[in-house]
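What Swiss-Prot says about this one:
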- 145-160, 171-208: FAD binding site (BINDING)
- 60-165: domain 'FAD-binding FR-type' (DOMAIN)
- 30-50: transmembrane segment (TRANSMEM)
Amino acid sequence: MSALSSENINGVYIPSALLLFGTFIVKKEFVPYAVAVTAILAGLKLFTGGNKPRKVLNPTEFQEFVLKEKIDVSHNVCIYRFALPRPTDILGLPIGQHISLAATIEGQPKEVVRSYTPISSDNEAGYFDLLVKAYPQGNISKYLTTLKIGDTMKVRGPKGAMVYTPNMCRHIGMIAGGTGITPMLQIIKAVIRNRPRNGGNDTTKLDLIFANVNPDDILLKEELDMLAAEDPDFNIYYVLNNPPQGWTGGVGFVTPEMIKEHLPAPASDVKILLCGPPPMISAMKKATESLGYTKARPVSKLEDQVFCF
């Protein structure tokens with residue numbers, strides 16, 4: 001018997017049966033009213049799901065979710081907010097994992113599937129947010145720009161080898177490029193939300209190197225800066241290819257020297273997370289290996305010291 005059906009039996013059917021039985025014994029003419037009350041209670045239970053969060057993701061089948069809002073971040077970056085079936089629903093996405101989006105694109109021989117990490121979490125019920133940059137050659141990212149409010153997107157998940165758990169290591173170093181910030185933000189927010197001062201137990205130290213081309217390309221900078229300001233164990237080092245005058249962060253590409261200065265040194269309780277454009281990730285794999293970190297595998301596993309999303 002499923003948890004839901006067991007809950008329904010204990011929460012609705014047994015009390016309802018007792019109500020009907022008691023009414024029949026005490027006053028038979030009130031039985032129709034008791035039946036009506038029972039039907040209403042059962043309907044409310046079925047419709048609301050008991051107001052408990054329901055995980056809606058399915059790892060084997062695509063489901064369609066309705067676009068409810070589009071928030072422009074820049075000329076080519078947008079936050080897409082998709083509604084879940086019920087206001088109390090959650091995606092059910094473990095921290096560190098991602099989802100697959102699928103669409104039929106004109107000119108493509110088969111359905112196109114791409115992976116994205118929501119910037120929202122299961123702490124926010126009723127919807128999920130995707131931060132997406134539209135690339136000229138990006139099939140799904142361009143497809144998303146054509147969606148209108150009320151249109152649907154096919155989603156499947158969760159997927160991915162990374163599942164973050166509190167205190168899985170002492171210190172995490174992160175290197176992100178562009179929209180590669182999304183899985184990092186997911187983990188950063190989860191760690192800070194679970195700090196001892198917030199009633200949790202996560203003491204993991206976090207250091208982030210975030211590389212972009214121009215200042216306007218730094219996604220979610222305001223939120224990242226706010227998180228760093230409130231948490232002394234989270235530090236950010238920004239790197240720009242085209243820095244403005246007076247820039248105090250890094251300049252050019254992320255170098256081994258930057259990694260050595262701003263991220264934790266290799267140790268058994270240290271993990272390095274990478275996410276960004278393929279050329280950047282290739283360079284960062286070589287850089288981390290040159291500094292003594294364990295060589296990154298072609299396909300990362302949870303236990304790897306250097307993990308690539």
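Cβ atoms here come from the backbone N, Cα and C positions, even for glycine.
Quantities reported herein were computed from a predicted structural model and do not represent experimental measurements.
Mapped onto this structure are the features recorded in Swiss-Prot.
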residue	record	contacts (Cβ under 8 Å, 6+ apart)
Thr145	FAD binding site	Cys78, Ala134
Thr152	FAD binding site	Glu64, Phe65, Val66, Leu67
Lys159	FAD binding site	Pro59, Gln97, His98, Ile99, Ser100, Ser115
Ala176	FAD binding site	Met184, Leu208, Ile209, Phe210, Ala211, Leu274, Cys275, Gly276
Pro183	FAD binding site	Gly96, His98, Thr117, Met162, Leu273, Cys275, Phe309
Ala190	FAD binding site	Ile95, Ser121, Tyr164, Asp202
Arg197	FAD binding site	none
Thr204	FAD binding site	Pro166, Asn167, Met168, Cys169, Arg170, His171, Ile172, Val191, Asp233
Arithmetic mean of per-residue pLDDT over the domain 'FAD-binding FR-type' (60-165): 95
Mapped DSSP class for Thr152 (FAD binding site), helix or strand or coil: strand
